[in-house]
Amino acid sequence: MTIDSGFNHITVLLDEAVEALALRADGCYLDGTFGRGGHSRLILSKLGPQGRLLGFDKDPQAIATGQALAAEDGRFVIVQRSFAELGAEVAERGLHGKVSGVLLDLGVSSPQLDDPERGFSFLNDGPLDMRMNPGQGISAAEFIATAPVEEIARVFKEYGEERFAGRMARAVVERREKQPFTRTADLAEVLKVANPAWEKGKNPATRAFQGLRIHVNNELGDLEAGLEAALDALEVGGRLAVISFHSLEDRIVKLFMRKLVKGEADNLPRNLPVQHKVFEPKIKLIGKAQFASEAELKANPRSRSAVMRVAEKLR
């Protein structure tokens, strides 16, 4: 567990993820989602003097934590970029095709969720922001204030998997015409009233808030770009480990890996003359999908939805 600004963050699948990378003492590794550094610190503890670790994050608080770690350990560097830009960073550093392993731990961190000022939570009132990097892009409040009702409904349904998306979006637009939304509790209350069928044990604003967060941060677009960039960055034999926290993320990861296990021929027209290697898989899967253990679930209930998939680059 690491502690940051009074908020606890327990790294999910800590040992399992680092073990999945099959670390070499002199290898070069990328932590695409540094967060509060749980995975990075364990990786560094297992690297030798020649080993290197490059961390990525969009969150300014995560960057501050990473800079402190970099000052302590010269083998580590942190950059304030999305892992979707991993390819550009790797190319700038001359590391293309030389990376031994990439770790992506997706979603929002506990410090982000638990700090009301970040605007991610419907349980604790705060400014309606939701941006991983508050200095980049539009906030959730700006989106809610300007988007057409159809776009708001699409975000709730497509990214939040909210079945009452249309009804909830109409309630949001009706209310914003009288008074703009600036606080999370205000939006959560309108969503709560508009949701006619509450799920047992789940706040009625949960899915809509998830949809907003994913949209504001382009999380699924970043994931698709980041997976491609990570594979390109890896050396042959390098490993990619991805931890996802909801079905939309896991579906993208699963389909990406499944496509590469089959090779590229599935995407080509029939009877097209091709070289034999397009039938060869680009990756192999390492074991089955992994989930949090019973012990981890007891220690950290937020790990219940975590699933990790691991692949090794073949060519």
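We number each residue from 1, going along the chain as drawn.
Backbone N, Cα and C define each Cβ position, glycine as well.
Database features, via Swiss-Prot:
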BINDING   Gly37, Gly38, His39, Asp57, Phe83, Asp105, Gln112  S-adenosyl-L-methionine binding site
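Positions of the features from Swiss-Prot, shown on the structure.
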residue: Gly37; record: S-adenosyl-L-methionine binding site; DSSP (3 states): coil
residue: Asp57; record: S-adenosyl-L-methionine binding site; DSSP (3 states): coil
residue: Phe83; record: S-adenosyl-L-methionine binding site; DSSP (3 states): helix
residue: Asp105; record: S-adenosyl-L-methionine binding site; DSSP (3 states): strand
residue: Gln112; record: S-adenosyl-L-methionine binding site; DSSP (3 states): helix
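The full span of the recorded S-adenosyl-L-methionine binding residues, Gly37, Gly38, His39, Asp57, Phe83, Asp105, Gln112, taken as their largest Cα to Cα distance, is 18 Å. The Cβ of Phe83 (S-adenosyl-L-methionine binding site) has 28 neighbouring Cβ atoms from other residues within 10 Å, across all protein chains displayed. Residues within less than 8 Å, Cβ to Cβ, of Gln112 (S-adenosyl-L-methionine binding site) and separated from it by at least 6 positions along the same chain comprise Asp59, Arg118, Phe120, Met132. Of all Cβ atoms in the shown protein chains, 26 besides its own fall within 10 Å of the Cβ of Asp57 (S-adenosyl-L-methionine binding site). Over all protein chains present, the Cβ of His39 (S-adenosyl-L-methionine binding site) has 28 other Cβ atoms lying within 10 Å. The binding-site residues considered are Gly37, Gly38, Asp105; of these, Gly38 has the fewest other C-beta atoms within 10 angstroms of its C-beta.
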